[in-house]
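Presented below is the structure to which this report refers.
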Amino acid sequence: MVVNGFVNVVITTIERRFGLRSMQTGVIAGGYDMASFACLAPVTYLGGRSSSSKPRWLGWGVLLMGIGSLLFALPHFLVPPYKVAGEEPDDLCIVNATVSSSLKDESEEGGAWAVAVFVVAQLLHGAGATPLFTLGVTYIDENVSKKMSSVYLGVYYTMAVVGPALGYVVGGQMLKIYTDFATVDSETLGITSLSSSWIGAWWIGFILSTFLCLIVALPLLAFPYELPGAAEIRASKVSEAHEGAATKTAAFSALRELPKATAALFKNPTFMFLNLAGASEGLLISGFAAFLPKLIENQFAVNPSQAAMLLGVITVPAGGGGTFLGGWLVKRWRLACAGIIKLCVVATLLAAVFSFSFVLSCDNYPFAGVTISYNSPSISGGDRLAAECNAHCGCGPRAAAVCGADARAYASPCRAGCARALTRGAHTLYQRCACVAPVAELPVYYDAETNTSIPYEAINSTCSSECQYLWLFVFLSFCLMLFTFIATMPALSATLRCVQEEQRSFALGLQWIVVRLLGTIPAPLLFGFLIDRACRLWAAGACALYDNLHMSRYMLALALVGKLCSLLFFFFAWWFYRPPGGKNNNAVAPSAELPGHDKTNGNLPTVATIGNGTLDRSNGYCNQALECSDHL
């Protein structure tokens, strides 16, 4: 909820509040993965030892996340109240005015230290969350039967998808509240949440998460070393490890044996290709989680709160349902390791097809001077926002886009040549705007208090979009996310099954290192770099307008290349997999026969007889067959 929900929702807001570029917010988003990468090896190795208490590692990690959330909200309290662009007299067109140096946006100066604080907070988030998806997963797997493991882990990972969805929804609602609501009444400012200069209360969610982390950490610290019955479950499990994996258990008791344990895992081709597939999937999931709200905002002209709500609605059924469905299919079809990887191949192929949803692109926003010309001759040698209609106004650098009666957006009331402003409730109406093209009939604003209708030439709101692709894009994104997350649980199950029992915690740690290093760490930087390249207008350090076609093509290229790489790696993981015995590559675990029946299949002995309570356990599938049959 915090890292993949709140943080991603507020990225656009903190860009405007502190004057940041997408590359800088990409560094902030990547801070979580950088810390997780640095902490994975020691945490999984030390926490995975037989003498370590996994719940204790989990509890202290959650407390560390709470501290990180508190620090993330800190910049809000270290800056003066937000100065709304457009509310000063200098933002109107004043004849023969000169631009004052004091008009320089103060957020430009404060951006660097804010980035540092946000990155440190994300580092604490990453360090605290490291045990959750390594030690937490193995703790569940060790304490439930092999038959039920996929279901429990499916529920666990479903919660990890519901969390970001909840973060999108709750964080989006917080953005409807003005950032300085405790000291400033937003209705007196003449702006609404639809105004381009609106800054929502991005920091509330992080204060909330600080208290939630404290509440969650206390019971986690109280869990025992292992749950009752864990010893019997551990004794009943039979390995499905890749045949080439180390047959002798590597000792996991001292750091000096770390290279030997690592080498044993690196010699497992199935494990390594699953790691690479996880890296390419992680790159896409991490990048789109951070910047998909920005894509929806700019492509379809919706405000941050609406974009967050849409993503929340998509993520709950698609991400959560796909994660749980993937785990359930493994159990329902009683898939062995090879069959699980085949399921990943099919799901990834379908996801690659739906990646073409990013072909959808709307026309560029009608922004005067950038995507559309002014209704006035331009000035030679001047900037593109200048025209004869506003040349004498002395417009400052602040951006507070307004929508003109001619359905064009202007960078500020001054750039629209507006000489008069009227504040009515949460709206600011502008009149005598020299740059706004004359229309047959001016729009009017009805003032309920005075029972009057006020005509205006511009208003501090966004112009409506005529693009009809929003809901089609939402549907295709839903399908893309569904099939992407269907593969996550099977991929995890395949990872746990293709390595030795004693290597599981460390194997997950190594996998997350590969995923972080090749996927989730560079992802926000790569996405941020390409999104910055699609910017058409910079204002106060942040991008005020993007080129929709370039942005959609960049996202399409990233999605297709990433999915095709995942498909290739999953295929190689299946191709090189060798089950115990080396002769049987069945995708489905064989069913157990009734006592007295002979079975000659694959690597079972010529006669495998169950009698008198004894069983030949030479086959790695025998125990699984017994667990999966209903009549035994």
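Just so it is clear, glycine is given a Cβ too, placed from its N, Cα and C backbone atoms.
A TrEMBL annotation is a machine prediction, not a hand-curated record.
Database features, via TrEMBL:
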| type | residues | note |
| --- | --- | --- |
| DOMAIN | 1-577 | domain 'Major facilitator superfamily (MFS) profile' |
| TRANSMEM | 26-45 | transmembrane segment |
| TRANSMEM | 57-78 | transmembrane segment |
| TRANSMEM | 112-139 | transmembrane segment |
| TRANSMEM | 151-171 | transmembrane segment |
| TRANSMEM | 201-223 | transmembrane segment |
| TRANSMEM | 273-296 | transmembrane segment |
| TRANSMEM | 308-328 | transmembrane segment |
| TRANSMEM | 340-360 | transmembrane segment |
| DOMAIN | 383-437 | domain 'Kazal-like' |
| TRANSMEM | 469-492 | transmembrane segment |
| TRANSMEM | 513-531 | transmembrane segment |
| TRANSMEM | 554-577 | transmembrane segment |
Please count the residues of the domain 'Kazal-like' (383-437) that DSSP assigns to helix (H, G, I), strand (E, B) and coil.
0 helix, 20 strand, 35 coil
Does the transmembrane segment (201-223) come close to the transmembrane segment (469-492), meaning at least 3 CB pairs under 8 Å for residues 6 or more apart?
no
Report yes or no: does the transmembrane segment (273-296) come within contact of the transmembrane segment (201-223), defined as 3 or more CB pairs under 8 Å with a sequence separation of 6 or more?
no
Interface present between the transmembrane segment (112-139) and the transmembrane segment (201-223) (three or more C-beta pairs under 8 A):
no
